[in-house]
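Asker: Taken from TrEMBL, the feature domain 'AB hydrolase-1' covers 62-243. Here TrEMBL flags S158 as active site, nucleophile. Sequence annotations record features per position, and here TrEMBL assigns region 'Disordered' to 279-323. Taken from TrEMBL, the feature compositional bias 'Basic and acidic residues' applies to 279-289. The compositional bias 'Low complexity' feature in TrEMBL is assigned to 290-323. TrEMBL lists D429, H458 with the feature active site.
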Amino acid sequence: MVASDVSRDSNLDPNRDNPLVHVVRDQHIHVLPAYTLECGATLTRVPIAYKTWGTLNERGDNVVVICHALTGSADAADWWGPLLGPGAVVDTDRFFVFCANITGSPYGSASPLTLDPATGQRYGPAFPLTTIRDDVHMHRAVLDALGARVVQFVIGGSLGGMQALEWASRFGPDYVRHVVPLATSARHSAWGISWGEAQRQSIYADPRYCDGHYALDAPPATGLAAARMTALLTYRSRASFDTRFGRRTMPALPYTALAPHHVPRSDRDAARLLHNEGHRVRLHPDGRRPPSVAAAASSPPSAATANAGPASTTLPASAPSLPAPTAVSAASSLALPLASPFAKPSATPSVYSVQSYLRYQGDKFLSRFDANCYIAITRKMDTHDVSRGYAAPAGVADDATDAGRDRVLAEVLATRLVQPALVIGIETDGLFAPEEQAVLADGMPNARLVVIPSAEGHDGFLLEFEQIGAHIGAFIDQYTPAHLQLASAEATDGPRSRKVGAVTASTFGEADDLLQW
Ligand SMILES: CC(=O)SCCNC(=O)CCNC(=O)[C@H](O)C(C)(C)COP(=O)(O)OP(=O)(O)OC[C@H]1O[C@@H](n2cnc3c(N)ncnc32)[C@H](O)[C@@H]1OP(=O)(O)O
Ligand SMILES: N[C@@H](CCO)C(=O)O
């Protein structure tokens, strides 16, 4: 089909070639005919993935919008399950709950993985920059199409909190009645932008990245995994890592578990293997070392090596001979933890438990994310500034200085974010620091700030269900209009609206064989 025909193909499924759309089960895809983005580009046939729970009432006013974080999806029940359901904090017996996937994300909304109707090909790196403000306008269009008239509560953490703020400020208190931003900020900080930049650079540095024109079966997996590892460090806290991992090590593998090219044949060889342990760029996907390295390893010792003394001991020729390595995915490790150089007892372990954890998390991410999408959503987060585009208040110079921007922000918070708000911070959040939630709560005229004690860091908003549930439940109870309150008989049963469910495994809970590390 030629490109011009494609654009007229109203049956074109934008997610036809998106391998990750099916990761989220039972979601709906609404296709908007067209949407012009803040950057000026116009997307056509724009898919927006979403899920709903509960039933929309006749007035269309029992809506709760939940907004997902950076790498989440429309499946709020997967990542916030304990807080959502019949009788839960967000009570689906009373509320119609809507969660839509942000654009740029791989889970069904328009993204580098969806088809550009103009070409019939995936957008890939040509997917235009979409902002959080773009997202909330597109998500509202879907909600309108469903018949919603009033949003009682909009709730979201991190990038989801940025969306919550945009929902409240763009659409005003007649439409968005109450807002609950968690672990978020009025505008993305220099610190946050820096971490996003470092993560994108990991992806760019992967030789497979190819300016974003990689094949999906040969993605820049190493770079993306490294980006996720870096990100994860910003999502947790130093204290949580110290407590959870300390200096514990992983069980070392015996040589018999190593492929032949991993078995050291000399001290120098062992040192090199240890040096490169964890190095993952697979330029030689068959598992062999590059010929130059292999030749060097088998060549006679140089004068330098020969003079190196006892440390250059040559391994006995009886190093175990092993079957050829089985196919290893791009995500797998090139090197494995050494039991110890030369199988001598060693006081220095190769892999600490926390290294193993980070690598595992990097790999786990590869099974559910795409590098171009990661770049798209981190750039989106960088654009966040709830005051962007607003003019300075009368009598105040509309300058581009920090002080000028602060004044515009103060005005926007004071005049456009007037809904009753519960602003929640996590005490140990180093990425979206509690001071940033204080700026929000101080500036929004009807906001209350709660800082949750937790060692979990930023991800506390995804993990501290009991505390978050208690605060949000009380807020919802306080501000739910009378016609949506529980019937009195149900209400006397106890704090039904504050029930926090059990934590269940999320979609990506399968543990891999940790020994691969
Ligand atoms: C399509 C979608 O629906 S995406 C939705 C899911 N994701 C999101 O919404 C994004 C937000 N979610 C997240 O960021 C995360 O899932 C969080 C913060 C909620 C929780 O993170 P998790 O990875 O589940 O928890 P945690 O950090 O405790 O890691 C546990 C995993 O590490 C593994 N692990 C723990 N210690 C080690 C170690 N030393 N070495 C190797 N692996 C380890 C565990 O076995 C476990 O594996 P599993 O996930 O396969 O069960
Ligand atoms: N762990 C969360 C944190 C982002 O705020 C995510 O991956 O979406």
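Backbone N, Cα and C define each Cβ position, glycine as well.
TrEMBL does not curate its annotations; it predicts them automatically.
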Asker: Determine the Cβ neighbour count for S158 (active site, nucleophile): the number of other Cβ atoms within 10 Å of its Cβ.
Answerer: 28
Asker: What's the CA to CA span in angstrom from D429 (active site) over to H458 (active site)?
Answerer: 4
Asker: If you run the three-state DSSP split on S158 (active site, nucleophile), which class comes out?
Answerer: coil
Asker: For H458 (active site), which DSSP three-state class applies?
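Answerer: H458 (active site) sits in a helix per DSSP.
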Asker: Would you mind reading off the Cα separation of S158 (active site, nucleophile) from H458 (active site), to the nearest angstrom?
Answerer: 8
Asker: D429 (active site) has how many other Cβ neighbours within 10 Å of its own Cβ?
Answerer: 29
Asker: For H458 (active site), just count the other CB atoms lying within 10 A of its CB, please.
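Answerer: Result for H458 (active site): 27 other Cβ atoms within 10 Å.
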Asker: Can you work out the mean pLDDT of the predicted model over the domain 'AB hydrolase-1' (62-243)?
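Answerer: Summarising the domain 'AB hydrolase-1' (62-243) by its mean pLDDT gives 98.
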